[in-house]
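The region 'Disordered' feature in TrEMBL is assigned to B:1-30. Under the heading compositional bias 'Low complexity', TrEMBL lists B:11-24. Taken from TrEMBL, the feature transmembrane segment covers B:40-62, B:99-125, B:137-159, B:171-191, B:212-234, B:272-293. Positions annotated as domain 'ABC transmembrane type-1' by TrEMBL: B:100-293.
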Amino acid sequence: MQHGKYRFIVGFLAVPLGLYALFVIWPFIQSIYYSFTDWTGLSPEFEMVGLANYERMLDDDIFWKSLQHSLLFALLLPVVTIGLALFFSFMINVGGRRRRGGPAITGVRGSSVYKIVYFFPQVLSIAIVALLFAFAYNPDSGAINSLLRGIGLGELQPLWLGDPDLALWCVMAVLVWSTTGFFVVLFSAGMASIPAELYEAALLDGADRVTTFFRVTLPLLWDTVQSGWVYMGILALGAESFAVVQIMTTGPGGPDYSTTVMVLYVYQKAFRDGQAAYATTIGVALLVVTLAFSAVVLRLGRRERLEY
Amino acid sequence: MKTTQTPAPVPAGEPGAAGPSAAPAGPPAREKKEGTVLNVFSHGILVIWAIMVALPLVWAVMTSFKDDRSIFSSPWSLPDTLHFDNWSRAWTQANMSDYFLNTVLVVGGSLLGTLVLGSMAAYVLARFEFPGNRFIYYLFVGGMSFPIMLALVPLFYVVNNMGLLNTIHGLILVYIAYSLPFTVFFLTAFFRTLPTSVAEAAFVDGASHTRTFFQIMLPMAKPGLISVGIFNFLGQWNQYMLPTVLNTDPDKRVLTQGLVQLAVSQGYKGDWSGLFAGLVMAMLPVLAAYIVFQRQVVQGLTAGALK
């Protein structure tokens with residue numbers, strides 16, 4: 001298979017690699033370079049300013065706020081989402097009672113319906129989901145507050161997105177709503193590949209469901225949980241949080257910067273305030289946070305691989 | 001749905017009536033109680049979550065058929081009459097038809113490009129040894145883990161300098177570039193699993209590498225292409241960040257962008273019912289596709305994370 005091999009390789013790689021280098025790699029390298037300049041993005045002239053942008057960043061209160069919010073997104077969202085998803089998928093796949101004549105290990109009744117319904121939000125655009133919930137959260141005529149009025153909790157009419165103490169939690173709840181279903185399906189697929197004998201053995205030993213979950217399911221599912229964790233964290237730091245915060249909160253960024261996250265701040269500095277160089281500096285900080293997050297999760301989650 | 005399990009008196013010692021909790025080793029009374037409480041509790045949570053997922057969508061569909069006044073006065077009541085005019089108004093006057101067309105063009109072009117270019121690169125990386133193979137592979141795969149927003153600022157100027165800003169084909173090229181990391185990663189793994197013998201036989205019979213690829217290997221890779229195709233379709237159809245930055249021309253807006261703009265401007269015009277109709281309109285194609293191709297969608301979206 002040697003004849004014309006290199007010509008073929010070059011021919012097949014040139015276009016994809018070229019596109020990728022031009023639109024992904026090159027801007028990525030450039031942005032690190034720009035973070036050491038005073039480039040505005042509006043004119044082609046700029047000068048090297050050394051670490052000035054980084055010094056400015058360290059004194060920037062809004063940057064620290066956005067960092068805090070992004071960290072909260074990256075740490076709390078995966079915990080809640082993956083926790084919920086683990087519970088749901090365990091119930092759907094293993095939690096059922098044994099029905100006469102059926103398999104020993106089974107999900108609760110209606111589990112296939114749950115799987116289909118739970119996955120719904122995953123196929124919707126995060127932008128559409130954000131718009132929908134922005135209406136639902138509307139304090140006067142939104143679905144949530146009128147539901148509260150309807151069930152006799154009329155006294156309780158939070159401002160939701162308008163309340164600086166609540167806005168961030170409202171936004172996070174939307175991300176939990178939209179991503180949990182994906183992990184339910186992901187973990188269900190993982191659980192389906194765990195051999196039934198292992199569960200049967202646990203049953204014979206008298207294990208209840210809680211023990212079964214922590215001693216059998218979770219250890220065998222650990223690799224999937226971990227990659228799901230990293231995936232969710234990257235989403236929560238990046239595109240998904242950008243869309244929900246930019247679309248849902250006023251400003252955008254919420255009252256008193258209460259929902260500003262790092263991605264949104266990068267966007268605003270670059271495309272609203274004409275401070276492209278400073279924006280890339282915050283972008284570099286975002287990159288560091290993302291890499292650190294993945295490294296920590298992979299490191300903390302390392303344990304002996306279980307074979308089955 | 002069975003949310004409550006009536007604790008009917010089970011004859012003592014009847015085996016296998018209560019699943020895991022009826023394991024022969026435990027004392028029956030305590031086991032039964034644990035099983036019942038846990039069942040009611042966890043069934044309850046499953047049902048509540050199902051309602052929480054479905055309710056906002058049902059609410060949106062309902063609202064899209066109401067007139068503006070009743071949207072505000074009684075958000076939860078059923079529409080008095082079905083206001084189909086909301087839908088026609090959104091489709092024609094609010095430019096939803098244009099946004100749809102733009103999205104179809106962009107996603108159609110990018111999906112085709114992503115699959116062709118992605119499988120070409122993956123095939124070469126999976127099946128040929130040459131210096132730099134590993135390096136290029138990791139260059140592609142590394143792109144999966146870094147924040148797009150960082151590259152977006154210079155990307156805007158790269159695209160601008162090439163004269164591709166606010167064009168459909170510019171958007172297509174950028175979508176393809178940002179879809180390549182996962183596509184190459186997934187398809188490289190897939191091509192490695194395909195048998196070599198068929199390709200070698202074709203080559204011995206005088207087919208060129210290119211011909212072998214397009215006539216033998218691509219058809220064999222169909223299941224992988226479908227999975228990664230669905231993954232990319234949903235990602236590109238739902239893309240919001242890239243068009244927001246690279247596509248500021250009102251005529252070139254894609255669905256997600258158009259809807260957000262509509263929400264901003266309708267806030268002044270007050271056509272909320274039209275906006276809801278647009279929102280539901282944008283949701284329906286993917287929801288319908290999901291219900292029809294449920295199995296493939298789930299496989300496509302989870303395959304990558306499991307490998």
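Cβ atoms here come from the backbone N, Cα and C positions, even for glycine.
On a predicted model such as this, the values are computed, not experimentally measured, just so you know.
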Cβ contacts under 8 Å made by the transmembrane segment (B:272-293) with residues that lie 6+ beyond its boundaries: 57, 60-61, 63-64, 66-68, 71-72, 83, 86-87, 89-91, 93-94, 96, 99-100, 230, 234, 237-238, 255-256, 258-259, 262-263, 266
Long-range environment of the transmembrane segment (B:171-191) - Cβ separation under 8 angstroms, sequence gap at least 6: 106-107, 109-110, 113-115, 117-119, 121-123, 125-127, 137, 140-144, 148, 155, 159, 164, 217, 221, 224-225, 227-228, 231-232, 235-236, 239, 242-243, 246-247, 252, 254, 303-304, 307
Outside the transmembrane segment (B:137-159), six or more residues from its ends: residues with CB under 8 Å to it: 121, 125, 165, 170, 174, 178, 180-182, 184-185, 188, 241-242, 245-246
